[in-house]
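Pasting the relevant annotations from Swiss-Prot:
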type	residues	note
ACT_SITE	Y153	active site, proton acceptor
BINDING	12-35	NAD(+) binding site
BINDING	S140	substrate binding site
Amino acid sequence: MAFTLTNKNVIFVAGLGGIGLDTSKELVKRDLKNLVILDRIENPAAIAELKAINPKVTVTFYPYDVTVPIAETSKLLKTIFAKLTTVDVLINGAGILDDYQIERTIAVNYTGLVNTTTAILDFWDKRKGGPGGIICNIGSVTGFNAIYQVPVYSGTKAAVVNFTSSLAKLAPITGVTAYTVNPGITRTTLVHKFNSWLDVEPQVAEKLLAHPTQTSLSCAENFVKAIELNENGAIWKLDLGTLEAIQWSKHWDSGI
């Protein structure tokens, strides 16, 4: 179902990162009512730039680390909902790429995403009288086929795809729809230098960047297109400047 971002309220976790900041710039061009950015480190210059792009959009920043206990996330969301009354879209975009940091990679890329999603369901779940909402989770093409030198990172992204696909199937119960956007290799600081698992490939970043990549701007443009297409359960691939819906193969069914 096509979705217009005009006059909508959007929460963007990690909306000041490489792909995140360029996506935030595209979002404010769509005449949002509010863009609420949750990120670990404040960037006043970036916030000012977003406000300058479209002064009609209210851009707000709150410090947020996705690895905090879920109770802290719920407290922050309560503050945001009290201010805005309604939130239309949650974008979960926090991510790190460093297979030296096993626990933190899992905590940021997967557990934090699950906890933030779980927390917002308290406000959105129609079983609790909520209005429903839209969740856009940022995965990666490595969630389809791993970069085998970074199996921890790739594994977290596969988990994001699976979790989000389950959320989408639960929409008739919760009223909350969900989909993933899965960027290919994008030229950001995330991929300029990173560590492989157990140092199996010390030059993994250099070798990866020797192959075709995309700019964060082209990725961001397709990111927002995916949000506007608003297809529950979609698994979007954003690679080399293109946007493509992935058809997932079913090899097993729980039967329930």
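Each residue, glycine too, has its Cβ placed from N, Cα and C.
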Look up K33 (NAD(+) binding site) in the DSSP assignment and reduce it to helix, strand or coil.
coil
Which site among S24, S140 has the most other CB atoms no more than 10 Å from its CB, taking these as binding-site residues?
S24
Work out how many Å separate K33 (NAD(+) binding site) and S140 (substrate binding site) at their Cα atoms, rounded off.
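Between the alpha carbons of K33 (NAD(+) binding site) and S140 (substrate binding site) there are 29 Å.
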Relative to the Cβ of L21 (NAD(+) binding site), which residues of the same chain, six or more apart in sequence, are found under 8 Å away?
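L21 (NAD(+) binding site) has long-range Cβ partners G15, A46, S216.
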Given F12 (NAD(+) binding site) and the residue listed as 'substrate binding site', what distance in Å do their CA atoms have, once rounded to a whole number?
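The separation of the Cα atoms works out to 17 Å.
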Between R30 (NAD(+) binding site) and the residue listed as 'active site, proton acceptor', find the distance joining the two CA atoms and give it rounded to the nearest Å.
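Pair distance, Cα basis, whole Å: 32 Å.
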DSSP three-state call for F12 (NAD(+) binding site): helix, strand or coil?
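Once the DSSP labels are grouped into three classes, F12 (NAD(+) binding site) ends up as strand.
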Would you identify which of the recorded positions F12, Y153 has the most other C-beta atoms lying within 10 angstroms of its C-beta?
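Buried the deepest by this measure is Y153.
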